[in-house]
Amino acid sequence: MIDHVGIRVADRGASERFYDTVLSVLGLERYDDPEYAEWGDFALGTDGPVTRNLHVAFYAPTHALVDAFHRAGVAAGYEDAGAPGPRPQYRDDYYGAFLRDPDGNSVEAVHTGRKLETGAIDHLWLRTSDVAAVKAFYLATGHQLGVDEPDHVQVLTDGGSVSYVSGTPVTEHVHIAFSAPTNAAVDAFHAAATEAGYKDNGAPGERAVYHPGYYGAFVFDPDGHNVEAVNHNR
């Protein structure tokens, strides 16, 4: 499943105000540390190039909460990117609403008949210039694909999903962490990626700076996104 997603922002204060405004409606409260602000499995910070052209959708338990998410954002002056309503082009029971965060990323609240059991992130969409290369990366690292088309691949998890679609401008500078059941699975993810030629961004090991028992490994995908496997040992 998606363990967590991290973005980098141009103005932490401005981005915190946006996400506080819209995510509090969905019951997500902010946790702060010196480097990051976190709302459940979503975090932002300023220690790197700014994330651009990402679409992130948060699960809403009801249609009314989708409406409230959108209403709160628009009332606070944020850009409306799509009013609440059905989107049958995605699935018959899809009900969503869309806003833009201060860096122009697309942020959605979505309700469907599929209940998200863990986490707050329903799905991510990223644009890429090379869908085939992304597909090869995820197959090499042991992930299961849902949609598998020349212009769209979808990485399935037990919770939300991650889709890469062909298009420009491409999505930049996203951190995506996937849950691993054991430390050995983290090791296997990193070994598979590096043996296939993908760039190491952090060898397997404990990162107690996050919390005792946090065991993760990091590699770059073909678009330079920081992809992690993590076991929390909790």
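From the backbone N, Cα and C atoms, a Cβ is placed for every residue, glycine too.
In the domain 'VOC' (1-112), the DSSP tally of helix, strand and coil residues is 28 helix, 43 strand, 41 coil. The domain 'VOC' annotation in TrEMBL covers 1-112 (among others).
Each residue in the domain 'VOC' (120-232) has a pLDDT score, and their mean in this model is 97. Marked as domain 'VOC' by TrEMBL: 120-232 (among others).
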